[in-house]
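Read through the structure below, which is laid out as structure tokens, and then see the notes.
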Amino acid sequence: MTVAHSPPRRGSPAARGFDLLRVPLLGPFLRWRHARLCLQVPLLLLAAVLVLHGLFGPQLAPKNLATLLVWVHWRGLLVIALLAVGNVFCMGCPLVLPRELARRISAPTRRLPRALRRKWLGLGLLVAVLFTYEWLDLWASPAATAILILVYFATALLVDALFKGAPFCKWICPIGQFNFVASTLSPFEVKIRERSTCDSCATKDCIRGTRAPEAPARVTQRGCELALFLPEKVGNIDCTFCLDCVHACPQDNVAIGSRLPADELAVDPVRSGIGRISRRNDLAALVVLFSFGALLNAFGMVSPVYAFQRWLAESLGTQSEFLVLAILFALGLALVPALAIGLVTWTVRLGTGTSALAHARRFSYCLAPLGFGVWLAHYSFHFLTGLWTFVPVTQLALERLGVGLLGGPKWGLGGLTDTQVWPIEIGFLALGGAGSLALAWRLAQRDFGRLAPRAFLPWAALLLALAGTALWLLAQPMEMRGTYL
């Protein structure tokens, strides 16, 4: 039976370490209310370039900016930024700009239906994106990649034009859900500086927004649209780093402070806008998908997957790639995780008498560091081996437009070799595995006291098995998607 449980606490501890908002030049820029716009506009223009080049440029993936920048460079930069800082992509996300323009014409008044205010829709869309990537070979199709970008913008605009707040970001966006899980491993968090300042605050501008003195009904600076009340906010889950709270706070009491990565997963207080993560089936399922999806996504790029697909197609007597992939995804994202976590939970229950479902929810979060390590190793491989490939592709695009500013394409530019990248991959995997084991031990100590080894060892066995599987996958020759001619 459970011996101990994490005590409740109000929000993350006040910022005491390094604060990005106190860094010269960077801090004043981030505190400027138009800082986010300065990030979004260039990314919106880049998205437009990718769509145009994807639709009208060369349809050979290594020569097209859409496939190259999206599937090689953007994914690599995304996970590296999450590791080094936090949810930087969501901060500069260009999808929000069309919504802002639409809301100037007509502001929505309805909230997203309660039934949809969970992560299930976003989780399903994340599965759909991973599946479509393999099924339609998006990495090899510039036009399909461009259409995906357009669909993404249209969906975000439609949802946020119909419903107030930021429902697309919080509940629906598959990239956002990925980032929310990964950012639990980030070294920075938006948090308060002094709790006493928040306790004495009467206006709560960080959540309600700043009101015009002459017209209190008019909001001059919005507060958090994701319903995260800063004094009771814990960690990075659901935080897009939009910094609306920074701009709204009249006391300058908000920091982007340093913290111990994954520490937020070891505690279980009631979190503003979230509740207790140990009671959120959808969040636990999202972490499981994030972690096992990392293995499945890597498996899709090594030679054994093709042998398995051929065997499966022959066994079923089918030529349908859709059916074969659907079965593969059902195995990798549903059956295998259910059996693995079920076996571990059953073993722990025998040794401790704990509730199986509650334990599975609570301990599923220890998978996140290892999953992030696999994503880092995989995406950094493609990013680093194709590091400079965007240069000749950009030169070619400009040359076709009659702009010789950068000269002719230098197709010899590539990146690091497989041998050079291999130690980096191993380092990311080892870091993630160590983080998962450490987190599992902390959870076991906190929840089971002297019975901690009985809870820890089954999870350690699973984590080591998953790490071994990841190591085997990374050791396989990986398909160089979209980078080499």
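Glycine too: its Cβ is placed from the backbone N, Cα and C atoms.
All annotation found in TrEMBL is predicted automatically rather than curated by experts.
For the domain '4Fe-4S ferredoxin-type' (230-259), the number of residues in each DSSP class (helix H, G, I; strand E, B; coil) is 8 helix, 5 strand, 17 coil. Under the heading domain '4Fe-4S ferredoxin-type', TrEMBL lists 230-259.
TrEMBL lists 37-56 (among others) with the feature transmembrane segment. Same-chain neighbours of the transmembrane segment (37-56): 29, 64-67, 69-70, 91-94, 96-97, 142-143, 145-147, 149-150, 153, 397, counting only residues six or more beyond its ends whose CB sits under 8 Å from a CB of the stretch.
Among the features that TrEMBL reports, transmembrane segment is placed at 76-97 (among others).
The transmembrane segment feature in TrEMBL is assigned to 118-136 (among others).
Nonlocal intrachain contacts for the transmembrane segment (142-163), taken as residues 6+ away from its ends with a CB within less than 8 angstroms of a stretch CB, comprise 47, 50-55, 57-59, 61, 64, 66-67, 70-71, 95-96, 98-99, 102-103, 106, 108, 110-112, 132, 136, 172-173. Look at TrEMBL and you will find 142-163 (among others) tagged as transmembrane segment.
Taken from TrEMBL, the feature transmembrane segment covers 283-302 (among others). Same-chain residues lying 6 or more positions outside the transmembrane segment (283-302) and placing a CB less than 8 Å from one of its CB atoms are 119-120, 122-123, 126-127, 130, 134, 177-178, 180-182, 237, 274, 277, 328-329, 332-333, 336-337, 341, 360-361, 364-365, 367-368, 370-372, 374-375, 378, 466, 469-470, 473-474, 476-479, 481.
Here the transmembrane segment (322-346) has Cβ contacts under 8 Å with residues 127, 130-131, 134-135, 288-289, 292-293, 295-296, 299, 305, 308-309, 312-313, 316, 356, 359-360, 363-364, 458-459, 461-462, 465 of the same chain, all six or more residues outside its ends. Annotated transmembrane segment per TrEMBL: 322-346 (among others), in sequence order.
Residues or ranges marked as transmembrane segment by TrEMBL: 367-391 (among others).
What TrEMBL records for 421-444 (among others) is transmembrane segment.
What TrEMBL lists as transmembrane segment is 456-475 (among others). When Cβ-Cβ distances below 8 Å are used as the criterion, the transmembrane segment (456-475) is approached by residues 291, 294-295, 298-299, 302, 340-341, 343-344, 347-348, 351, 363, 366-367, 370, 373-374, 377-378, 381, 422, 425-426, 429, 432-433, 436-437, 440-441, 444 of the same chain, each at least six residues removed from its ends.
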In this predicted model, the domain '4Fe-4S ferredoxin-type' (230-259) has a mean pLDDT of 96
Distal contacts, the domain '4Fe-4S ferredoxin-type' (230-259) - CB-CB under 8 A, six or more residues away | 9-12, 15-22, 30-31, 33, 35-36, 86-88, 90-91, 93, 166, 169-170, 176, 180-181, 183-184, 186-195, 197-199, 201, 203, 205-207, 209-210, 221-224, 265, 267, 269-274, 277, 283
Beyond a gap of at least 6 residues from its ends, the CB atoms lying under 8 Å from the transmembrane segment (118-136) belong to 144, 148, 171-174, 176-178, 280, 282-283, 285-286, 289, 293, 296-297, 300, 321-322, 325-326, 329, 333
What parts of the chain pack near the transmembrane segment (367-391), using Cβ distances under 8 Å and only residues at least 6 beyond its ends?
-> 62, 65, 68-69, 71-73, 75-80, 82-83, 181-182, 184-185, 261-262, 265, 287-288, 290-295, 297-298, 301, 406, 410, 413-418, 420-421, 424-426, 428-436, 439, 463, 466-467, 470, 474, 478, 480-484
